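Beneath this line is the structure, given in structure tokens, with notes to follow.
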Amino acid sequence: MYFLMDGCGPLNHRVGSGPWASRESLKMGPLADVTLLPGEERVIEHDKDIIYMCPFNGALKGKVFITNYRLYFKSADADPAVTLNVPLGVIGRVEKMGGASSRGENSYGLDITCKDMRNLRFALKQEGHSRRDIFDILFRYAFPVSHGLPVFAYLSQEKYEENGWNVFKPMEEFRRQGLPNEKWRITFVNETYELCDTYPTILAVPFRSSDEDLRKVSAFRSRGRIPVLSWIHRENQAVICRCSQPLVGMSGKRNKDDERYLDLIREANGTAKLTIYDARPSVNAVANKATGGGYEGDDAYQNAELVFLDIHNIHVMRESLKKLKDIVYPNVEESHWLSSLESTHWLEHIKLVISGAIQVADKISGGNSVVVHCSDGWDRTAQLTSLAMLMLDGHYRTLRGFQVLLEKEWISFGHKFASRIGHGDKNHADQDRSPIFVQFIDCVWQMTKQFPTAFEFNERLLVTILDHLFSCRFGTFLYNCESARDTNEVRSKTVSLWSLVNSEASSYQNPFYTPECSRVLYPVASMRHLELWVTYYIRWNPRIRQQQQSPVEQRYMELLALRDEYLKKLEELQLTDSSPNSSHLSNSSTPNAASPTQHITHLHTPF
């Protein structure tokens, strides 16, 4: 048997069955019966036979149709039917395969490269240019931005009880951290994005720095991304600040305002040295001087120590994931698996990112403030600050706290989602594309594996986030920064991903969660302790699909359901006991009433 999955988890063969069923489940009837999302409209139904070249089941004849949100295929001759349900946002490239004179069976058709590790191939009959209409429609609707059309998030009319845009409120988050205080103030100097067009409007800065100081520092930092507070340790008052590289250049320029400003950060919690973590390999940081960038030299920043973390740039990460895709889809080569995996360097990069975040978290725990940057401060910087915060602050390990962390460190601080993912953009070879956010979510997954009781959310949340990173169904990951989202009215015209997640919160909860807010988590950043995230990267393989849910988690959920059932029965028995008409039953019902309690105690024993 062969299963395929839609953009949000496995697609059930019975609607409404099983834990994965959701409001967007498709009916498994004729194509006409497919339930569309509110705002989703059919664009084309290809009534001629099309053949899906399934890498696991071979050639499958069936029908395909395309809406403004998805490509949907259903086989005609397989039992049970094989379906494909692919959000168009997931498609990275559409190419024509073979020409009118191609020889060989099924050599003429379409080759579709997806952003979620899949490749899809469809074969059509050669006569009458049969693929032209489907190619044109697919190319237009998979890449709406390149054709002057809106992405689906603007067409969606989904409604949820909760407005996910309200999950993150910057002032509330600052207050939760104990800010402002006598050392740190809140400034609105960037209210109109005048200081820095890729920063949020509300910033926390040293109390002794004036807004005029901030403007002077802005002139000496790449893209105007000055050092600002991201997180403060409540007890020792050490802070994580983030920024971009200083504009030192080949001539070794200095800026007294920038030097003084970093000293104010150091003085705020009274330590002898401020640690600056530069995410780049030192050779890259030196090379960046040629393009006007650079790093903080010892002579200029005498009260600071500079540490390079050797994390490679966006281009290296893009190539690494491409190599990983080659070895996991469609087939996994068992005989040379370990050496093949090693040759991708993917886990090596994961290790360096986690290792860098551990150093940041450890320095903060020891009472020393840190400044973190890479080149522009929106890729590796976001990885390091958010992972360090996940280690330091139990709030971010809750379901809602994690949403706040993503909104704060990635979305509001200007990770270039549009450029890195290419939402609705046909330019698949764009050098700005890179899986930086995917890599971060992988690092989070590694932590959840090492600390299975420390996170309130489960793996399904992480997979859902990545699926909708690509899908364009929600506005959450659209555009490169907050100012662009404001211009395009994202909050008023699209739905937030957190509206979906929080309306189905129980689906994303980890049953093993044990709250320990004050505990700092230090994962082991060793190759021996890191794993390939099989249930994400290799999930399209039907063999992997069959073992998706952890048997331990499944059994635990069953036991919890059993416990709830017993508690309900106990409650009913107690109600019966206390009713005026039940005095004649009181003697006989007492042993039964005790029985479920004994069961409940017993159920907890193995855990």
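A Cβ is built for glycine as well, from the same backbone N, Cα and C atoms used for every other residue.
Marked as active site, phosphocysteine intermediate by TrEMBL: Cys374. The annotation substrate binding site is assigned in TrEMBL to Asn313, Ile314, Cys374, Ser375, Asp376, Gly377, Trp378, Asp379, Arg380. If you look up TrEMBL, you'll see 577-591 marked as compositional bias 'Low complexity'. Annotation source TrEMBL lists domain 'Myotubularin phosphatase' at 164-537. Look at TrEMBL and you will find 344-390 tagged as domain 'Tyrosine specific protein phosphatases'. Residues annotated as region 'Disordered' in TrEMBL: 577-607.
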As a quick check of your reading of DSSP, tell me how many residues in the domain 'Tyrosine specific protein phosphatases' (344-390) are helical, how many are strand and how many are coil.
32 helix, 4 strand, 11 coil
Apart from Asn313, Ile314, Cys374, Ser375, Asp376, Gly377, Trp378, Asp379, Arg380, which residues in this chain have a Cβ no more than 8 Å from the mean position of the Cβ atoms of those residues at the substrate site?
Ala279, Thr381, Ile436
Provide the number of Cβ atoms within 10 Å of the Cβ of Arg380 (substrate binding site), excluding the reference atom itself.
29
Between the two most separated Cα atoms in Asn313, Ile314, Cys374, Ser375, Asp376, Gly377, Trp378, Asp379, Arg380, the residues recorded as binding substrate, what distance in Å do you get?
12
Integer Å distance between the CA atoms belonging to Arg380 (substrate binding site) and the residue listed as 'active site, phosphocysteine intermediate':
6
Within the chain of Trp378 (substrate binding site), which residues six or more apart in sequence place their C-beta under 8 angstroms from its C-beta?
Thr198, Arg225, Ser244, Phe413, Gly414, His415, Lys416
